[in-house]
Amino acid sequence: MPLVGVRSVLVLFVTAAVLAAISAPACQAAHNITAILSGRRDLAEFSRELTSTGLADDIDGRNTITVLAVDDAHMAALKARNLPRDTLRRVLSLHVLVDYYDEPKLRRLPGGSTEVSTLFQASGDAPGSAGMVEVAERRGGRVAFAPQDGGAGAVFYVRSLLQAPYNISVLQVSGVMSSPAAEAPASSPEDEPASGGLNFTDVMAKKGCGRFAGLVAATAGAAAAFEKQARDHDGGVTFFCPADKAVGAFEPAFKKLPAGDRLAVVLYHATLGHYSPQKLREDGGGDGMRMETLASLDGGKTTAGFAVRHAGDEVTLVSATRNTARVTRTLADADHVAVYMIDEVLVPFRFTGQASSPPGDGGDGHQTSGSAPAWPRRGWVASALVFVTLLAGFASG
């Protein structure tokens, strides 16, 4: 084959490789907790119970996760109690943090401690913050994990078994954590919502967003819109409910708004699509992302959105009027529905009636459903690399 032909083939090959690498979708979870634990005979019982309760599948389905593994000697006491399967699942779900923590991160906890959501909290079954675990550095540099509602006391970090930033971390701990909430009898079928899904209004009412749940119930059209989105939309829905203190401060102004504006404010706290805690952090990095909400300011022609920013472990929402709200807690993450607590009420318009835009928006605070999305930065990078590769090939040919 002539030299020029070889160069042309090489140029095409490199171009295809660049396009494939840059245009690939975001990485999905690719770990297998059963396989990870299979090499540790002293963790065999823990691994078996993760599988038998279905938690292994939940762990494998998440992109960012930390598993607190317990050895067989300490699992024996838990097994001897013969807990019902659902109760055992809730107890073990306290040992699965829905965030990434490896040894270096444990050694630099902000202020020496932090609260982390677990699969128990994310399931929506935990009352209040009972599914949260405090991670704290104790005397002598030992790192402790303790359920928020007290429970059986703290367990301590022993060693790191696997670190794959920021995908999965497996840490061995000194014992089993439990709590009264995790071991409480499961809800009866009649307590569950008729749809069989997550009852998001109950989650809000019971976990610190009772005043916002009251606004949803009192605002004509809000509850029906939320339920329709949760029930009918394949992509799911994400709720950001302001804490009771934030709603209490905003309520006097809210009551003075016209009915249509009150509905817009409430619907502005629900987004199109389900966003897990890890997806919020992944997509909110760098310049952030824009989320479209159920709210509309022009009779349903377009939707009002807000910007999402992520720095470190903190996720911040920036409204169309540039007021900000910090995500403070995961209240539930299940069945294509996620519920988060935020520390401020988001407002999609100025009280003069003129909408503003989140930073980086086109200028009118809205996005028409048919408008073309901005080209991601990786698209520009791909184009630049392809152009340079082609230019080099022609120059050498």
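Cβ coordinates come from backbone N, Cα and C, glycine included.
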Region 'Disordered' per TrEMBL - which of 40-59, 180-199, 300-319: 180-199
Reported mean pLDDT - the domain 'FAS1' (196-346): 86
